[in-house]
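Everything below concerns the one structure shown next.
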Amino acid sequence: MTQKTIQQVPRQGLELLASTQDLAQLCYIYGEPAEGEDSTADESIINTPQCSTIPEVAVEPEVQPIPDTPLTAIFIIRALVARKLRRSETEIDPSRSIKELCGGKSTLQNELIGELGNEFQTSLPDRAEDVSLADLDAALGEVSLGPTSVSLLQRVFTAKMPARMTVSNVRERLAEIWGLGFHRQTAVLVAALAAEPHSRLTSLEAAYQYWDGLTEAYGQSLGLFLRKAISQQAARSDDQGAQAIAPADSLGSKDLARKQYEALREYLGIRTPTTKQDGLDLADLQQKLDCWTAEFSDDFLSQISRRFDARKTRWYRDWWNSARQELLTICQNSNVQWTDKMREHFVQRAEEGLVEIARAHSLAKPLVPDLIQAISLPPVVRLGRLATMMPRTVVTLKGEIQCEEHEREPSCFVEFFSSWIQANNIRCTIQSNGEDLTSVFINSLVHASQQGVSFANHTYLITGAGPGSIGQHIVRRLLTGGARVIVTTSREPLPAAAFFKELYSKCGNRGSQLHLVPFNQASVVDCERLIGYIYDDLGLDLDAILPFAATSQVGAEIDGLDASNEAAFRLMLVNVLRLVGFVVSQKRRRGISCRPTQVVLPLSPNHGILGGDGLYAESKRGLETLIQRFHSESWKEELSICGVSIGWTRSTGLMAANDLVAETAEKQGRVLTFSVDEMGDLISLLLTPQLATRCEDAPVMADFSGNLSCWRDASAQLAAARASLRERADTARALAQEDEREYRCRRAGSTQEPVDQRVSLHLGFPSLPEYDPLLHPDLVPADAVVVVGFAELGPWGSARIRWEMESRGCLSPAGYVETAWLMNLIRHVDNVNYVGWVDGEDGKPVADADIPKRYGERILSNAGIRSLPSDNREVFQEIVLEQDLPSFETTRENAEALQQRHGDMVQVSTLKNGLCLVQLQHGATIRVPKSIMSPPGVAGQLPTGWSPERYGIPAEIVQQVDPVALVLLCCVAEAFYSAGISDPMEIFEHIHLSELGNFVGSSMGGVVNTRALYHDVCLDKDVQSDALQETYLNTAPAWVNMLYLGAAGPIKTPVGACATALESVDSAVESIKAGQTKICLVGGYDDLQPEESAGFARMKATVSVRDEQARGREPGEMSRPTAASRSGFVESQGCGVQLLCRGDVALAMGLPIYGIIAGTGMASDGIGRSVPAPGQGILTFAQEDAQNPAPIRTALARWGLGIDDITVASLHATSTPANDTNEPLVIQREMTHLGRTSGRPLWAICQKFVTGHPKAPAAAWMLNGCLQVLDTGLVPGNRNADDVDPALRSFSHLCFPIRSIQTDGIKAFLLNSCGFGQKEAQLVGVHPRYFLGLLSEPEFEEYRTRRQLRIAGAERAYISAMMTNSIVCVQSHPPFGPAEMHSILLDPSARICLDSSTNSYRVTKASTPVYTGFQRPHDKREDPRPSTIGVDTVTLSSFNAHENAIFLQRNYTERERQSLQLQSHRSFRSAVASGWCAKEAVFKCLQTVSKGAGAAMSEIEIVRVQGAPSVLHGDALAAAQKAGLDNIQLSLSYGDDCVVAVALGVRKWCLWPLASIIR
């Protein structure tokens, strides 16, 4: 077959094609030939070669068209309604009206009617929202797409479809593949409005599947049989494509493509990726790698990998804080008996703050002289004073082999060791250059055990000091002696840090420091960098090195040596030499030749004695060569050598497996085995100056082998001992199993089944203190504001779970169950077959006892402070087009908008279907989205799986309301349960609707909707129409009132940034005391949002997660208040609320009382330029002079307390460098100014170490924690404060506990809060027992009964609601009808009660009469002001009459004297003085004729009525009646050294209370 050449092809005219106009021709896209047109090619143009015949593919015939029907309104109506309500079309019932579908929400109804009116461009029927959708469809009839649906449909294609997917494409596919007519196509398109994809479809295939699914759903809804087919065009296109592609795979085409590539590469100057030389190099590298792997293996490489990183170093220097904490803890217990060991422990930590504490506590006063004397002396450690132990191996009845230890004789290690050396005639235990130093060593040991030795001002490096090791005990001894110790660890930072932090807090004495450094001694690089860090970065010089790092090689004999044994040899020998060599280099570089560093070599008598230990013996033998090198090499000026032959040391990492046969070694081998403590003391003694200086002249050898090297047949005897133990254990185990089988047989007839232990869930009501007749504050219940309920939702879920983690660091079984429920891991079922918890996913039963084991890890990893999900932040970059873009379809409105923005740089042409074809041309500017990788984030997030539906909130509300408002709603419901109120409507049986206030605030409000309003709108995304309202800070409290409370009281929304919650309490207290409200909801709420987090990061306020990760910090460690390494706060989200109540209302309702709000104060910080800078304006809360006592003092004095009675201070403590020093400074100055006793520091609570910083609810969570502290007496410690900042040491009025402290009770607390924008606030809280002291004993018992009934019912209701997912009972309508609303709001006596017979609410009247004391203007009454007043004051320090029995007999009645006898010795003087002051004030008030200064005052009797002082008894009553007085109101106020009484005579027509007169 001949082929025509190019020259033979007839020439055609030159045709120029453009991609913008001739895209179809350029891409060889052909349409269907017109009917009747000859589709054969014109062979006269080009004679193409003949190809082999391709078999014709059987193509399925085109689908038969389905008869088209006009589009009716119901399709569009259902789609728009479903889209607005966020439901599927199948959930929209055409028989229901818009009003019914919207649940009566007027906003949604209004929006839908507006959209439908705009869509159909015609007048809708009257009250269209009340008409069913079917009737609305009948009224509108046949329709077409309107403006609303076209706009929404265009948005779907723009935002969710892939590129080049247009309406026209979809219509073509629906016609070709599905055979749908134009109107049916429109119906499918409309269905997309209610089933919009969640995100953009990434491919055309995914888009086709999406539209095919909608088409199938459309057919099913109409009962149509739709059949998908392949069109002839598609089939032909596939065939032609296959033919077109086939030649491309030919050899000639590939060769041409390769030549083109080479030409372009050469022209552009691009280097060939690989050359022959590169290939040779790669082969050589591969050969070397194979050789390395064959010789050492991958395990060897991993074992020598580098670990050292100076950024991950942990420092511990806060010995002073640990000492203060321990002494204060001991002083809490009056039954403590001081021992010599306890005394010495504190003497070695003596410092000025500790002396003050000892002076202030009678229990510790005997320590004061010793502490003062020890301040100027270095700390010492007494070595060898421990009890010596011997091993015992026992086989239990169950066949378990256990190792025990018993005391030797003599029990003191010094005495025993000395006698053992003499008894065994052992010589040269310690020798140097042939000289026997054994006696010197023993004498030194005796001296160290009696007088102690000091390691102060010395620096030691110890490797291999893990838990249970000899090195770990040496570290303890060195820290006790005041040394600076650098310890290395190869473990992960967190577990190692926790261990050494605890070790330092127990053993660190005055001046000691502990540095924990990550390090792998098997790495040469690590060895060099470690020594460089010590000498270059820290600027230290080592006094001694103890390279004790080792690794176990048990079971490795010479025929099984592998890479791990080689790595161990490198670690224990080769790199020990390198390590000390690097020290020599550093010393020589610095010219240090007069202070040689002592190297303590860990030698061993085990030179193959035990066997099966790899290269252990060889590495120990190799170290011995340093003793000879000392004389033969040149580094004796820089190093001194001390070799220690370490004997059998029980329970270490290397010898733990041999503990079972240690008794055999002592009995049969006459070997002395040592405990870790004993061996540690012996080695520590070698570091003392007396023995260390001996090493400078010649190496010292210490033989602590315990005769192990003399045991010749050790291996065989030990093997026999192990076999004997196994035999005994097998025998005992067999007998135990036989006994168990016999026991089961005896019980086989019993039908009793074991009962699974169930976990009891509780709300956590406060314990009720016993009645105390000695507590009688001069107040009435109505004067008090108390906390009757509280709740929170935060990173740990509820306040109960947060308290467990804060105070204990772990969850209780009930805590696991509650958190698993909250995270949707379990759910409760109650049916015929099973009652209990089941798995949230598979529904299988889960026993209560199995929940911690099954879900514990998931709970702890998905709650608290943890890493945020990675998120790419979307930003836009503006680009100027350099060439025209391809055209795209869009609506006319969009086309006009684009033309208005870009002008002549956009070309618009109208299509027949009403859409427009738009092309952006060169020169136009567009913004292209790009993703910026957000830095890693950490925050305190709500537990994973938390959802408002779990609490019973309906789905339609969840979709409408901002997420943070839902958190607040759930939190408020829990707060009412914690108050014993399961139905908030119960409140209105006791108070009016207007007397319940809502003071919950926020700093940011609904940030999700704020982001949508300002960010999503710019992206033309679909934004909820009522998003604006959700951004207001008062909207969330409004939702609480609308959906749950239904009150008519004030909603005041404080905005105080991080101090919002405390500002909320301050406002509520003012409202209650002013009589505006009786119960108030207070607190704060805030959410997390990326933009906000980025703003904090730019301010350098939050922690840099990347830096923290580089320092080896886990997310849970990154919030470290008061720690020297703190670097910023960690954000968190959530809500916290409290329910405040007037005291008399709380008593009447029987509400639980968690605490008293004794006083609050707020202040600002004056002139400045920094909004977030912490200030000291709150010092005004402590301002006072001789005439005006401080607000703090006054708040405490009302309850009979003084400034020394404050026990704890809850600090704002955000973990920022500035705040955590400024805040303690403020409190220090306040306490000093108010005269707090030195040596009685406040326990500082830093809650944010476990919660992070939630902004607005911060103080609410802190207040919840303080209330829990009041109830339990447990002060939670700040476990993340690994090294309390030395700058805080001077604040002697504060102690910063790092572990929880159980006190004997808390009387009062101080809460401090700070917020951006000069918000400073403080709160004083008092224990509820002082409020209950206002009651008489019968009143107390009556309250106890009411309270018990209430909390029992609330506990049952809460657990039931939790198990049925109905904690939040959303109110759908008010408890009264519209006709009653006005009368209820206008009548202050209106109350709402639940009628139990009908289970409905009814309106009643209050039992107390309505106040009608206001007089009309024409009433002729005298001026209603009090006619008489009397004031008197008594100075307590000069009042001594209480010691005079005659004075008491003449001036106090029998009843008054009985009351005085109940007072304690301390308060007796104050009680007598206040009574006398009150009598004098009453006498002046009566204005009667005086009988003289010496007249008895017993005729004026002061008694208590409901806790308040009352008069008008005896002759005083007659005098008052004669003066026309109805009663005398008496007020007593207390200062530090004075009492003031004010008596007001009130006439019968005067109805104003004393408080209003004073104002």
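Backbone N, Cα and C define each Cβ position, glycine as well.
When Swiss-Prot is compared with the stretches 1105-1125, 1399-1419, 1420-1440, the one noted as region 'Disordered' is 1105-1125.
Broken down by DSSP into helix, strand and coil, the region 'Disordered' (1105-1125) contains 9 helix, 1 strand, 11 coil.
Cα to Cα, Glu1480 (acetyl-CoA binding site) and His1253 (active site, for beta-ketoacyl synthase activity) are separated by 54 Å. Residues of the same chain lying 6 or more positions beyond the ends of the region 'Disordered' (1105-1125) and with a Cβ under 8 Å from any Cβ of it are 309, 311-312, 315, 317, 493-494, 518, 864-867, 935-938, 1211, 1213-1215, 1220, 1244, 1246, 1248-1253, 1278, 1280-1286, 1288, 1296. When Cα-Cα distances from Asp1432 (acetyl-CoA binding site) are compared across the active-site residues Cys1058, His1212, His1253, the shortest belongs to His1212. Cα-Cα distances to His1212 (active site, for beta-ketoacyl synthase activity) place Cys1058, His1253 within 10 Å, out of the recorded positions Cys1058, His1253, Phe1483, Leu1486, Ser1533. The secondary structure of His1212 (active site, for beta-ketoacyl synthase activity), as reduced to three states from DSSP, is coil rather than helix or strand. For Cys1058 (active site, for beta-ketoacyl synthase activity), the recorded positions whose C-alpha atoms fall inside a 10 Å radius of its own C-alpha are His1253, out of His1253, Phe1483, Ser1533. Counting other C-beta atoms within 10 Å of each candidate's C-beta, the recorded positions Cys1058, Leu1486 are led by Cys1058. The Cβ of Ser1533 (acetyl-CoA binding site) lies under 8 Å from the Cβ of Thr1194, Ala1197, Val1539, Val1540, Ala1541, Val1542, each on the same chain and at least six residues away in sequence. His1253 (active site, for beta-ketoacyl synthase activity) and Phe1483 (acetyl-CoA binding site) are 57 Å apart (CA-CA, integer value).
Neighbour density for His1253 (active site, for beta-ketoacyl synthase activity): within 10 A of its CB lie 28 other CB atoms from the protein chains shown.
His1253 (active site, for beta-ketoacyl synthase activity) and Leu1486 (acetyl-CoA binding site) are 58 Å apart (CA-CA, integer value).
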